[in-house]
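S.K.: I am attaching a structure below and will ask some questions about it afterwards.
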Amino acid sequence: MKVLALRHSVAQVYADTQTYLHDDSKDEYENAFLISNLTTHNILYLNYSLKTLKILNKSGIAAVEVQSPDELFALIRCNFTYDYENNIVYLHDYSYYTNNEIRTDQHWITKTDIIDYLLPGWKLTYVGYNGKNTRGHYNFSFICQNAATDDDIIIEYIYSNELDFQNFLLRKIKERMTTSLPIARLSNRVFRDKLFPSIVNIHKKVINVGPRNESMFTFLNFPTIKQFSNGAYIVKHTIKLKQEKWLGKRVSQFDIGQYKNMLNVVTTIYYYYNLYYSKPIIYMLGSAPSYWIYDIKQYSDFTFETWDPLDTPYSTTHHKELFFDKDVNKLKDNSVLYIDIRTDRGNMDWKEWRKIVEQQTVSNLNIAYKYLSTGKAKVCCVKLTAMDLELPITAKLLHHPTTEVRSEFYAILDVWDIITIKRFIPKGVFYAFINNVTTENVFIQPPFKLKTSPTDYIVALYALSNDFNSRQDVINLINKQKQSLITVRINNTFKDEPKVNFKNIYDWTFLPTDFELKDSIITSYDGCLGIFGLSISLSSKPTGNNHLFIINGTDKYDKLDQYANHMGISRRSHQIRFSESATSYSGYIFRDLSNNNFNLIGTNVENSVSGHVYNALIYYRYNYAFDLKRWIYLHSIGKVAVEGGRYYEHAPIELIYACRSAKEFAILQDDLTVLRYANEIEGYINKVYSITYADDPNYFIGIKFNSIPYEYDVKIPHLTLGVLFISDNMIHDVITALKKMKTELFKMEISTSYTYMLSDNTYVANASGVLSTYFKLYNMFYRNHITFGQSRMFIPHITLSFSNKRTVRIESIKLRINSIYLRKIKGETVFDMSE
């Protein structure tokens, strides 16, 4: 959903668009709530309130002020991520395809021959980091840039087994045009760039678990963040390989040698970060022209010093000369060295060239060892070739994708590797490594152990759900880690599957009830964005690839109506009720009937079940941005801080009724996941509330009326406003509560319109207009530890006779209250009050 705020209405009609006029009779929160539950994708918000826009954005719903028709057209035609703190819109708009254009935010690609393999008549455009270079296209009142690129297609091609790039590109563009936008992937980079600076500013020690290549630039500015990944492929792992021969396989039609070099250097930088927590000087031997240096410098400021007879235009300092063994003493401490020296074959005989390459490999290793043998804080990445060779058993082997699989690979060495044991590796084993292993991640740090780290802030995005982790260990980590942001895959199945297949792995699934947390927020991607200053125009869809975002140790926990709140809680319900269901009242009717309340007159205004909890349960796949457990807990301890809106405090029994309705809904839908979730939420409610039931009552509150429009044979027909189980010394507390509620009690607009047999030999009249006051009275008694109400649903009725009678229907008549009293069952009246 996107909310576009306008001062004036527009004449043009847009598809899937609805207009909302600010209601001045309601406050900003109530207007925001009403907007959030509208069912169209685009909301044109007229006569808007800035406070309402802020509320929506903090809830993760993109709400932007629009000042011109051009701005409106730009935002209504595509989805976007909005940095509402800095007023920056990041469009995810692929309409540039209509210019016969694909886009990249990686400069090195523009220096390759990729243009020869594009679709006929198409071009490649460099748009800068997250599309920053496109800002000049939009002369808007807010900062706007188009972050959409085709780098995902290019990178997927590089790692695929396909060679024909044009066919691959064509298929992927067609897929993009016929499937829903992967909005979370597109906005994730914006999110990471917003998230980590804010965390590092607050927390000195930060752990990041499971980063992938898409984050390779994000963390360049954060050397102090400790990374954990899947570990490195080291020399001693080659013992499992059987010898093979040269393969000579083409990987890419266009030249990706620069991409390989960039990955090698970035891998080395992150390896250095995890050892020394600071930025190194980067020395490079060979690898000209290294256009990719420009890409790295767009993200972070590094000093590059390079040696190569050819130009390296983006290097900080370039020596247009060869580098020799004797030059090693020119290299300073606190640095990384990338050795990419190899003579081009040209027209040379392959045997002669092979001999030179092997000599250069030995020379490269000698330079590496000499560099690492003196000084401090050094890491080296060195180019090697498949040959009989001795290497340290702890050396890290790299084989990032390159244009052709031939005989080259790389090794990362640190100061400890050069003093460890070396192992002889035959040429055939290195070929086996080259032919069968592709390094898929620039992060080669050790795997994360599922243990708490009291002094660290742990970030684990999309990293811990894999079934090679113990599910219980993941739960324990989340329960016990004081400060963290961790995601787990939400259980979107209908059969309550404990794990699901995703790509080539299995992931555990989770529900919010799997965790026992306090001072933590459990929300969706959208809800998490709102907490960190972002909002999004396309909410998460229940695709099966959805995650719970669990934030431990946040100062936003008590701000119940500002973050991870109830915005949009009824949206899915509205979509169903106003399009597919038997009546728009279907939800109200079902909730009452499933709790054996058969008086449906006015069910939409006087419902006996919490609609919030009911919708949060049955449609949890659509509205799990709302942190239901937090909402319940803060209510249970009386610490609900509400800024605005039409606030209604639910009685705990209303929440229980909602769970019962949700369970019946789940049974009818054969939804085992909702069934378990509702059962566990009901258990949680009973855990945090101290609910007691007057199932064996000794007192009741009665209401006597001036007159009753039915025949009766009881002595005094009355409405039982609830039963109590109290000791005699609590009578005073009950009377005090009734006196406090006197005005509200006598203001009740009670009406009746029919009679019915409540049970065998119990003839009663219905009573409407009672429930909201009953639940307020329930809350007052609950807070004073007075047992009030039974475990079955309270059905307001007026007892007329204890014999069988014919039912009667009349026009609804308002009843005037004569008195309200407290009486002992089968005893005397102990308190009576009149208006």
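Any Cβ shown, glycine's included, is placed from N, Cα and C.
What Swiss-Prot shows for this protein is this:
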REGION    171-245  region 'N7-methyltransferase activity'
REGION    246-428  region '2'-O-methyltransferase activity'
REGION    429-555  region 'N7-methyltransferase activity'
REGION    556-692  region 'GTase/RTPase activity'
REGION    693-835  region '2'-5'-phosphodiesterase activity'
ACT_SITE  H718  active site, for 2'-5'-phosphodiesterase activity
ACT_SITE  T720  active site, for 2'-5'-phosphodiesterase activity
ACT_SITE  H797  active site, for 2'-5'-phosphodiesterase activity
ACT_SITE  T799  active site, for 2'-5'-phosphodiesterase activity
S.K.: What's the CA-CA gap between H797 (active site, for 2'-5'-phosphodiesterase activity) and H718 (active site, for 2'-5'-phosphodiesterase activity) in angstrom, rounded?
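M.R.: H718 (active site, for 2'-5'-phosphodiesterase activity) has its Cα 8 Å from the Cα of H797 (active site, for 2'-5'-phosphodiesterase activity).
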S.K.: Give the mean pLDDT for the region 'GTase/RTPase activity' (556-692) on the 0 to 100 scale.
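M.R.: Reported value for the region 'GTase/RTPase activity' (556-692) is a mean pLDDT of 90.
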S.K.: Tell me, by DSSP, whether T799 (active site, for 2'-5'-phosphodiesterase activity) is helix, strand or coil?
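M.R.: SS state of T799 (active site, for 2'-5'-phosphodiesterase activity) = strand.
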S.K.: Calculate the distance in Å between the alpha carbons (Cα) of T720 (active site, for 2'-5'-phosphodiesterase activity) and T799 (active site, for 2'-5'-phosphodiesterase activity), and round it to a whole number.
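M.R.: About 8 Å separate the Cα atoms of these two residues.
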S.K.: May I ask for the distance between T799 (active site, for 2'-5'-phosphodiesterase activity) and H718 (active site, for 2'-5'-phosphodiesterase activity), taken between their Cα atoms and rounded to an integer number of Å?
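M.R.: Roughly 6 Å, rounded to the nearest whole number.
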S.K.: Give the three-state DSSP assignment (helix, strand or coil) for T720 (active site, for 2'-5'-phosphodiesterase activity).
M.R.: strand
S.K.: Using DSSP, how many residues of the region 'N7-methyltransferase activity' (429-555) fall into helix, strand and coil, respectively?
M.R.: 28 helix, 34 strand, 65 coil
S.K.: Does H718 (active site, for 2'-5'-phosphodiesterase activity) have same-chain partners at least 6 apart in sequence with Cβ under 8 Å from its own Cβ, and which are they?
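M.R.: Looking at Cβ-Cβ distances below 8 Å from H718 (active site, for 2'-5'-phosphodiesterase activity), excluding near sequence neighbours, one finds G702, I703, K704, F705, I798, T799.
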S.K.: Within 10 Å of the Cβ of T720 (active site, for 2'-5'-phosphodiesterase activity), how many other Cβ atoms can be counted across all chains shown?
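M.R.: Other Cβ atoms found within 10 Å: 19.
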S.K.: With every protein chain in view, what's the tally of Cβ atoms within 10 Å of the Cβ of H797 (active site, for 2'-5'-phosphodiesterase activity), excluding that atom itself?
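M.R.: Taking all protein chains shown, H797 (active site, for 2'-5'-phosphodiesterase activity) has 20 Cβ neighbours within 10 Å.
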S.K.: Per DSSP, how many helix, strand and coil residues does the region 'GTase/RTPase activity' (556-692) have?
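M.R.: Across the region 'GTase/RTPase activity' (556-692), DSSP assigns the residues as follows: 71 helix, 0 strand, 66 coil.
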